[in-house]
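Report on the following structure.
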Amino acid sequence: MSASPALLLAFLAVMLGLASSAVSLFADRQPRVLRLMAMPLVGLSGLAALTAGLLVLIQGGSFALTLPLGLPWLPWHLRLDALSGVFLAVIGLVTMAVGLYGPAYLRGFEQGRDSLVALGGFTGLFLVGMLLVVLADDAFLFMVAWELMSLASYFLVAFQHEQPANRRAAFLYLLMAHIGGLAILLGFGVLAAFGGGFDFDAMRAATLSPGWASVAFALAFLGFGMKAGLVPMHAWLPEAHPVAPSHISALMSGVMLKVAVYGFIRVVLDLNGEVQWFWGLVLLAVGSVSALMGVLFALMQTDLKRLLAYSSVENLGIIFIALGLALLFQAKDHVMLAALALVAALYHVINHALFKGLLFLGAGAILHSAHERDLEQMGGLLRRMPWTGYFFLIGCLSISALPPFNGFVSEWLTFQAALQAWQLDSGVLRSLIPIASAVLALTGALVAATFVKVYGVAFLGQARSRHVRRARAVPFGMRLGQGFLAVLCVLLGVLPTQVVHLIEPVSAQLLGTGIPQASANGWLWLTPISSDTASYSAPLSVFALTLIAGVAIWWFKRRTARRAKRCDPWDCGFAAPTPRMQYTATAFAQPVRRVFGLLFEIEEARTTGEDGLQRYRLRIADRLWGWLYTPVARGVESAARRVVRLQSGNVRVYLGWTLATLLVLLWIISGA
Amino acid sequence: MLSAWLIALLQALLCAALAPLLVGWVRKVKARLQNRRGAPVLQPYSDLRKLLYKETRVAHTASPLFRIAPYIVFVATWLAAATVPLIALDLPTAQIADIIVLVGLLALARFFLALAGMDVGTAFGGMGASREMMVSALAEPALLLAVFTLAMTAHSTSLASVMQHHLTDGFLLRPSYLFAFGALILVALAECGRIPVDNPATHLELTMIHEAMILEYTGRHLALMEWASQLKLLLYGVLVVNAFFPWGVAQDFGPLALGLGLVSVALKLGVLAVVLAVGETVLAKMRLFRVPAFLNLALLLGLLGLLSHVILEVGT
């Protein structure tokens, strides 16, 4: 067995994840084992995965390996190619940050009653599941790894199971993960039936009729879209992500959703047959709705982690808009543009993993030090925990797609791809793509509003409660984990040309062409189509920004020896301002809530209590619950009530049903 | 190549130098329309000078972000303004940042402006920030759609290429340009905080947007914030006149062409300022919750421009 170093490293990453899981078994006797051994092993596993991914991206090629595990006639096939390389690197980056952050964060759980064995054990298994999904080269291993990932994360969501809300969230998650898993399984079934085998090579070689290819696409989209939290299949996401411990939330939002994107790309662009143009349209529509609804709901939230979870829905929407563009251009034979859109989607995949991981770790730091998730109680945290504050600011700037940070680059690339819509020959498509880009523009502006709200309310102003006033800086390890991701956010924003060059092999692998012109003008210039069409130089913008700001500050420092004096804020000549007079998160979002009111189910009430005090109550709900989820749940229940008549308690009746089923199955098999 | 960089630098400095003049001119015209004599046209320079030399005070409750924000707001706005071709095309600055980056830089400035408003922890700052973000949430997409129409027509997101395309195209009246022009005007009014969206002269607490965010600033910080907002007015003015009426802009770097470029852009901006002043004199400020309707109109115009371009103008 001769294996490449990249594949060996990936294998090592899996083994380290398993080892982390194994050592956690001793955590109930020796709680320290979790932070001294399990978390460092997780971090090392991340490092190995990152190195493996980078190696395969730089060296190129693809490495396959068959392990004598699994079913007797279907051993486990592993493969590491450019596509898995990118996602392996994404998993590795966030996992490394979690490995740095985890030990200090877990200290807070050591005195708790919750089982540390479960926490450490399932974290390792969760990681192993994600790594194996990305490495799998046959449907069987893929599904095993997928279920391992789903189940392990279910137990992590249900970790603090004493609160009924967490149990409900976990159950909803389990339910929807399995409906999605079923759809993926059926999708693989379609592909395997045509390919005559469960390994991906056979599926790739098969030729599907457009109809069956579309069926496989629909099933894959349903299954992976459910895991990715696209609207209207998003309901589990804002429930499940916030209730897990924060470093797990970072992994779930930052990485697990990306694994769903990986699965989708693998099935649709690699395994499935000829791409149909209307697939792209479906993706554009669903992506646009997800992006817009996601950000609007995020803006309405006051629970920080819930807000971040809704923002993940929005970001996955953006990724799927870019993927939709890629499919559209691919189906219409504009391969270069498809490659551009695919690179934009992958760039956003990496970016979202970085900044969402960073923001969740920041939310965890606040939770750790102020024991607060509610924005309405926060305030003034920048002065109490400055490092977390500045890292969080970088995360907010990145996610709001502001230059020169990383979120801007992927959004810019997506816009550039969308603006090439004039090359399409169909008038309908030409006019639908601009609408999607309008939605993307609206989303971008609303994201900025959301994160101004988050940062302004949580980190600026004055503390709104006593425990937040007592917050103080978090331990070094937690700062290190956040700092790692923050530095990467800046680097990926300032050096986009290198990153595009790094992820280009994926589009070369899947679509047959990269975008060589993007980096044709040297590392300073990013020119995705040609330097006349569009060019952006992040390094020079940063240089100009810092140069002018530096000169201005130096000039003022030199000229005025006096420091700025401190004084009281302006109080309009009335009483001095108190923290309660500040704008709250709800108040901040009120104008937008009024503008987009029709999209929400809003209950607003003002009552006067017995003590004569006015009370204001506001509940904002998702209309989709009433429109989609409750009717489906009722339908399932009433169907179950009908089926329950079969359960008579009489063994002879059961045997009769079994016989009838067998006969029907035999008839089907003999017919085929 | 070196001369191009030098002219780009010169143009950037010119932007910063001319921005107060434009504001002074608008105020002067407005005053004369209202039968007042008004302050001298050069008054904004004196104001900036005064503020730069005055003592700077910072509230007790302010964080370090409050003190760094004016620099970021000013620099980001200036960089954005420097990428717009003012007197000459084909400058290297246009390669550094295209229209989307320009919108992004303005968004960066706005982000820090809003954060600075929320930093001290008074009600006004938060109110201004919340309203500003609401206005921009609708104005920014409208702006992007308007510039996308131009970009799609020219097959380039570089503003210089857009103007070049327009110049070689001759005066061809495109329906999409009309829509985009309407959208851009509405967005410019909203983003620069002009009547009917916001009143730059007001300090009435309940109606102000921009002024509410910079209420706590004094001295050099205030000077930078004011200068940035003057730059923003200039930027939008140049965007309106040069993207839609690019005639006169220098296409080579000869002194004659550059001089002509400067005179033509000054004339165009002067006329635009008069139109703005007349508009501000005859219109009243809208209620805050009428503003979304105003901006939805801008968004709709932008979308119509883009759609009429891809449906009517592509491929014919």
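Even glycines carry a Cβ here, placed using N, Cα and C.
Check TrEMBL against the ranges A:476-495, A:616-635 and you find transmembrane segment recorded for A:476-495. Stretch with the largest number of CB pairs closer than 8 A to the transmembrane segment (A:171-195), among A:82-104, A:140-159, A:536-556: A:140-159. Counting Cβ pairs closer than 8 Å and at least 6 residues apart in sequence, the transmembrane segment (A:387-405) and the transmembrane segment (A:536-556) reach three or more and so form a contact.
Long-range contacts of the transmembrane segment (A:277-300) within its own chain (CB-CB distance under 8 A, at least 6 residues past either end) are made by residues 214, 217, 221, 225, 229-232, 234, 238, 268, 307-308, 310-332, 429, 432-433, 435-436, 439-440, 442-443, 446-447, 449-450, 453, 589, 592-593, 596, 599-600, 620, 622. Sequence-distant contacts of the transmembrane segment (A:432-455), counting only residues of its own chain at least 6 positions beyond either end whose CB sits under 8 Å from a CB of the stretch, comprise 281, 284, 287-288, 291-292, 295-296, 298-299, 304, 307, 311, 314, 317-318, 321, 324-325, 328, 375, 392-393, 396-397, 399-402, 411, 414-415, 418-419, 421, 424, 585, 588-589, 592.
Taking pairs at least six residues apart, the transmembrane segment (A:335-367) and the transmembrane segment (A:536-556) share fewer than three Cβ pairs below 8 Å and do not count as touching.
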